[in-house]
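Here is what TrEMBL records for this protein:
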COMPBIAS  1-18  compositional bias 'Basic and acidic residues'
REGION    1-29  region 'Disordered'
DOMAIN    70-531  domain 'Amino acid permease/ SLC12A'
TRANSMEM  71-92  transmembrane segment
TRANSMEM  104-127  transmembrane segment
TRANSMEM  148-173  transmembrane segment
TRANSMEM  179-201  transmembrane segment
TRANSMEM  213-232  transmembrane segment
TRANSMEM  252-276  transmembrane segment
TRANSMEM  297-316  transmembrane segment
TRANSMEM  353-373  transmembrane segment
TRANSMEM  397-415  transmembrane segment
TRANSMEM  427-450  transmembrane segment
TRANSMEM  471-494  transmembrane segment
TRANSMEM  506-527  transmembrane segment
Amino acid sequence: MSSSEEKGPLPVTPEKEVPPPQFTHSGDAINQHRDQEDFWTRNGLNLKSFQRRGDGASIDSLDRTMKTRHLHMIAIGGSIGAGFFVGSGKALATGGPATLLIDFAIIGIMMFNTVYALGELAVMFPVSGGFYTYSTRFIDPSWGFAMGWNYVMQWSIVLPLELTVCGITIQYWTKDVNVAVWITVFMFAIIIVNVFGTLGYAEEEFWSSVLKLGATVVFMIIAVVLVCGGGPEGSAYDEYSGGKLWQDPGAFANGFRGFCSVFVTAAFSFSGTELVGLAAAEARNPVKSLPGAIKQVFWRITLFYILGLTFIGLLVRHDDDRLLGGDNPYINVDASPFVLVGLDANLRGYDSFMNVIILVSVLSIGVSSVYGGSRTLTALSQQGYAPKIFSYIDRSGRPLISVLFVCAFGPLAYVNLSTSGVVVFDWLLALSGLAALFTWGSICLAHIRFRKAWALQGHTLDEIPFKAAGGVYGSYLGLILVILVLIAQLFVAICPVGGGFNDAEGFFKSYLALPVVIVFWIGGFIWKRTGWLRTDQIDVDTGRRELPWDEINEYREKLAQMPAWKRILHTVFV
């Protein structure tokens, strides 16, 4: 290794460049401003805290109290919710255990590469308010407009979906109280958590993730015992079963249509994985904490999604009628395979335990909905892509008007109480089901174009402190998988699992996200009159984060001295 490589490169900063709004960074000043406020104002607990921050607050004025432990738990357990615990039951019934495993693995590979690409970009450029700004900067400002609004609408719609699941989960224990009461209770709970701003979101995500991951580990330990025939005498698991269910009723269901249809459930289950990049903007030291958090995504995908769903396929028959979940399997916890395993094993109280975990998980995603949607909306406003009123940031660092806007979608959960509620719910699900795929594809494409522009302008890879594990090839793979999943879902939208061909209503229920994104894209072009950026138009220097190169080079030297196996372990997993 040459001496120049050992010393590492110096960051290249262009002369007399003014960072654009979406990439400014002044974390120390923000934390200093926060420390000047009294305890009650700082934590959003008095009327003064709701006043507009008087320092010309930008999106970078958001509270920065998130710690490394928060980011790590958001990465490893933040997005585990109804899609995983409940929706996996419908996916199992639709495609069978092999399809469930293969489709979730494919989406997992996609997410692994996407999150690493996001991590590389986020360490280089502050992502305050939303990584859709990478689409604006590296792809096309009009497409960035579409991705920003797509992301806001995705989370705004997920909120009433999760509130509905919360209300129906409670009905597992009692049906005496109207579900509207529980929807109201949980809506207020989500609002209260968001009153505490970034710290409230971070602490709630940390403890709920600990609970979710602990419960999943407990489930897998119990599952091993049940598969080996260690269940209580007289239960469905009192003798060794192994892979019996892969033979009868079989590993696959509904052929190729079933295989393609499970992708949307898998995508819905992984939605929110990218929030770790958004949350990094409100961390005290994102350069230090974000890379470690990004690497935790591997463990979530491998241990919790893949391994957990493998056991589900070994323990629950895909032709079990209970998996169909009545009118909507995404909101009926009776259709959760995690609950059914406890019932069939005669494990008294385990079904209730899993329902508590589902309740916590769903409430967690509801809080994330408000967090993700509000931060993105505030950034859109401050960049001129949304009305200026949404740029309001109060003295405790909360994007107050944006939070209220996203919370205003919560009452849509009440429509499920009417006779036509299921229909409305299906349309809401259609809007949110595929929306995340466009976000993930855009992150991969932005990373590809960033690397291309980076090389064109004479920079080297040594100047990138945290590099995506798969490099640009990983982003190509992630983008290709996104496109293939969208094609598979288009096939299902035309040729549904039940056979025959879909009518117009059925098609748009399966593929509504695409026309919505196209409308946003056209709206962005009309608004900004900008198109696809050529590689030589992409600016990779302005607003680049000032990096602690002494620490980075010290770590690189330490890494170079490790054995090969240990170096790989640290580079990819630690």
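Glycine residues also receive a Cβ, built from the backbone N, Cα and C atoms like all the rest.
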The recorded stretch from 104-127, 179-201, 213-232, 252-276 sharing the largest number of CB pairs under 8 A with the transmembrane segment (397-415) is 179-201
In the domain 'Amino acid permease/ SLC12A' (70-531), averaged pLDDT is 87
Per the Cβ under 8 Å criterion, with at least 6 residues separating them from its ends, the transmembrane segment (71-92) contacts 99-100, 103, 115, 161-162, 165, 202, 205-206, 208-210, 212-213, 216, 262, 265-266, 268-273, 275-276, 279-280, 283, 286, 289-290, 292-294, 296-297, 299-300, 304-305, 308-309, 312-313, 316, 318, 323-325, 329-333, 335-338, 340, 354, 357-358, 361-362, 364-365, 368
Residues outside the transmembrane segment (471-494) whose C-beta sits under 8 Å from one of its C-beta atoms, at least 6 past its ends, are 106-107, 109-114, 116-117, 257, 259-261, 263-264, 267, 434, 437-438, 440-441, 443-445, 447-448, 451-452, 501-502, 506-508, 510-511, 514
Same-chain residues at least 6 beyond the ends of the transmembrane segment (427-450) with a Cβ under 8 Å from one of its Cβ atoms are 110-111, 113-114, 117-118, 120-121, 131-132, 134-135, 137-139, 143, 147, 150-151, 153-154, 157-158, 160-161, 264, 267-268, 270-272, 274, 328, 330, 412, 468, 472, 475-476, 478-479, 482-483, 485-486, 489, 508-514, 516-517, 533, 535, 538, 540
Beyond a gap of at least 6 residues from its ends, the CB atoms lying under 8 Å from the transmembrane segment (252-276) belong to 71, 74-75, 78-79, 81, 83-84, 87-88, 90-91, 93-96, 98-100, 102-104, 106-108, 111, 114-115, 118, 131, 154, 158, 290, 293-294, 297, 300, 305, 318-319, 330, 365, 368, 371-372, 432-437, 439-440, 443, 485, 488-489, 491-492, 495-497, 499, 510
Within this structure, do the transmembrane segment (179-201) and the transmembrane segment (506-527) have 3 or more Cβ pairs under 8 angstroms, counting pairs 6 or more apart in sequence?
no
